[in-house]
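Here you go, one structure.
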Amino acid sequence: MRTAAYQRRRSKLSGAVDTATSASSSSDDHGPSRSPARSRGAPASSSPRRADGGGRDTSRARRSPPPSETDVPRGPSRSGRVPPPMPLSGTEAEWETDYPPVELLAAATPEKKWRNWWVRTTWTLIMVALFFVILLAGHVWVVLLVVAIQLAVFKEVIQIAHVPSKEKKLPWFRLVNWYFLAATNYYLYGVSILEHFFRHIPPVLVPLATHHRFISFSLYVIGLVFFVLNLKRGHYKFQFAQFAWTHMALLLVVLQSHAIINNVLEGLIWFFLPSALVIVNDVFAYIFGFFFGKTPLIKLSPKKTWEGFVGGALATLAFGFMASSILIQVPYFICPVTDLSSSFWVDVSCPVNPVFVPKPYRIPPVLPFLANRTIHIAPLQFHALVLSLFASSIAPFGGFFASGVKRAFKLKDFGELIPGHGGVTDRFDCQFIMGTFTSIYVTSFVGRLGAADVLLRLMHLETADQLAVYRQLTQLLLEAGALDPQVGVPGTAAVVADTIAAATATA
């Protein structure tokens, strides 16, 4: 479908062709002009070349390569001829023309509709089964799953902007991309280890932990220097575009997957519940759209409908409230990670966070038959409603963002790894923004400062400051009655030694 702008452009170029052709004809009256090929003795082509009304060459003997996005109308050549007008580039055509109509699931033929249903349903069940197997296997396997998804998504996103013809001339090009990924992961995962497993770090690795940020920055600077040294003349724009694209992928993929891993270490409930909410929303939005979808939701993703959006939201809210009431009864889900070797079949115990403890709530007298009744609800269930609302209303925009990227680069899917779903990015695009929101939400409204966080900050203090903190903490414990008054408050190193010895003897 050609737009008015496209027709105007072709008309102007066709006029330029006619003008240049007449000029060329008048010059031919003064003497024939020879092409460079014929001046070197090359035989003339036996197939005639003729132009249609739009100035395009219709000869089958010789076809010009498809135009790229940088192809623009050029002026007359040395022979006086104007090249045929190029069609609109991908970027121009995409913004100047409407997208082709997409058939909604409810309007598809029964055969196509049910074939897609069974393929998508089968692979959904396979992925859900594998998800539960890994979830019950332990925290280590869940972390490895997140890392594997991160690497797969990063590879698919980076692959979008690759140009093989240019990469052949830049031998170290891909190495730089993966080096930045490794340096970023070293920093982010190092932060997670320091926050949750500081007490388990071997003494040999303490210097690395103490100077972790400086080491991470040094690794990044090394990559930056390596990138600059490999800049090649004639490829500057391409290389810097790839540099920006890589850092965008690091921000949108790696940083958000780090937030998901933090959720795992805070307690599997903060990983499983948000992930399950996104899955439930996606499944029920597909089901409602499959049977009732009539009204398109957004142009970036034409198959999404308002019926599926609303139906998925209601199902997600109900699931979040009910699932949270079950999960708070399982210590394996609510306990933060203290031992990476733990699994569902190993007994896990920890002090219960008050957010998981049901509390009595009096129902306001909105309805007569519920007036003055008291119910027991855990605060987590209210938090679950917030997470459900985000998963059903905002998280889908992560998928819409991915759809916009595919539209920009004329892709149907990011890959073909998962039949009926596309690539890994197509399946997990909403999970990243959901995991980031959960991490920030838990830190802001649920999480508490842990002992590991305090110890990590204390180790950077001078000895005098550490003693001052110790005196104040001891005084607070004495006033609270949590410490034997005979221990006293240390004032010197000798007193500290006596205090430690007395506490050890008492224990």
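Cβ atoms here come from the backbone N, Cα and C positions, even for glycine.
TrEMBL lists these features:
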type     : residues : note
COMPBIAS : 14-26    : compositional bias 'Low complexity'
COMPBIAS : 33-48    : compositional bias 'Low complexity'
COMPBIAS : 49-60    : compositional bias 'Basic and acidic residues'
REGION   : 1-93     : region 'Disordered'
TRANSMEM : 123-154  : transmembrane segment
TRANSMEM : 175-194  : transmembrane segment
TRANSMEM : 214-231  : transmembrane segment
TRANSMEM : 243-261  : transmembrane segment
TRANSMEM : 267-292  : transmembrane segment
TRANSMEM : 313-334  : transmembrane segment
TRANSMEM : 382-402  : transmembrane segment
So if I exclude everything within five residues of the ends of the transmembrane segment (313-334), which remaining residues of that chain have a CB under 8 angstroms from its CBs? That is, six or more out.
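Contacts with the transmembrane segment (313-334): 267-269, 272-273, 276-277, 280-281, 284, 342-344, 348-350, 352-353, 356, 358, 377-378, 380-381, 383-385, 387-389, 391-393.
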Select the range from 123-154, 175-194, 214-231, 267-292, 382-402 that forms the most Cβ-Cβ pairs under 8 Å with the transmembrane segment (243-261).
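Stretch with maximum Cβ contacts: 175-194.
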Any chance the transmembrane segment (267-292) and the transmembrane segment (123-154) are in contact, meaning at least three CB pairs closer than 8 A with a sequence separation of 6+?
yes
Taking residues 6+ outside the transmembrane segment (175-194), which of them lie with a CB under 8 Å of any CB in it?
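Residues packing against the transmembrane segment (175-194) from afar: 151, 154, 158, 201, 209, 212-213, 215-216, 219-220, 222-223, 226-227, 230, 242, 246-247, 250, 254-255, 258, 261-262, 265, 452, 456.
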